[in-house]
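> As annotated by Swiss-Prot, repeat 'TPR 1' applies to 35-68. Summarising the annotation, Swiss-Prot assigns repeat 'TPR 2' to 72-105. As annotated by Swiss-Prot, repeat 'TPR 3' applies to 120-153.
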Amino acid sequence: MPRSQRNDNFIDKTFTVIADILLKILPTSNKEKQAFSYYRDGMSAQSEGEYAEALQNYYEALRLETDAYDRSYILYNIGLIHTSNGDHARALDYYYQALERNPSLPQALNNIAVIYHYRGEQALESSQTEISKLLFDKAADYWREAIRLAPTNYIEAQNWLKMTGRF
């Protein structure tokens, strides 16, 4: 049984009902409806920390979805799960894929920056100052682009950029 049919969470259930109504009235193909259903179930599983189930749903949605913009959000969410699981290399791959399809995705740019900043901190702790500088510069590049797209977001990143002279 699909997650959307067994969900006890009121907000998720409300979202599911509204999404089902929209899918019925909007002119979409059955394949697009299936892709959205898998995506929705993936989001629900992800919000409950059921990452393996979420990934299964996202991969199925990715298989069915043909629209590049919609695929970018599926790829972004897969990246989020890999970030949560500590697999930063894999997460970066999915964030980059999301940006290839949708260059105006500031949250992917931000998450890439966060990973590079984290790696910069690790390099600094290992006394690899040159590598840390390169990683921090890379993080700054991605944060500047994210901030350009969403100027009122990422306040901590803006402060870090100013404090480090990278803004």
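Residue 1 is the first one shown; counting continues down the chain.
Cβ atoms here come from the backbone N, Cα and C positions, even for glycine.
How buried are these features, and what lies next to them?
Applying DSSP to the repeat 'TPR 1' (35-68) sorts its residues as follows: 28 helix, 0 strand, 6 coil.
Non-local neighbours of the repeat 'TPR 2' (72-105) in the same chain are 39, 42-43, 46, 51, 54-55, 58-59, 61-62, 65, 111-112, 115, 118-119, 149; each lies 6+ residues outside the stretch with a CB under 8 Å from one of its CB atoms.
Long-range contacts of the repeat 'TPR 3' (120-153) within the same chain, counting only residues at least 6 positions beyond its ends with a Cβ under 8 Å from a Cβ of the stretch, are 104, 106-107, 109-110, 112-114, 160-161, 164, 166-167.
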> Restricting attention to the repeat 'TPR 2' (72-105), give the mean pLDDT.
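Mean pLDDT for the repeat 'TPR 2' (72-105): 98.
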> With DSSP as the yardstick, break the repeat 'TPR 3' (120-153) down into helix, strand and coil residue counts.
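Going by DSSP assignments, the repeat 'TPR 3' (120-153) contains 27 helix, 0 strand, 7 coil.
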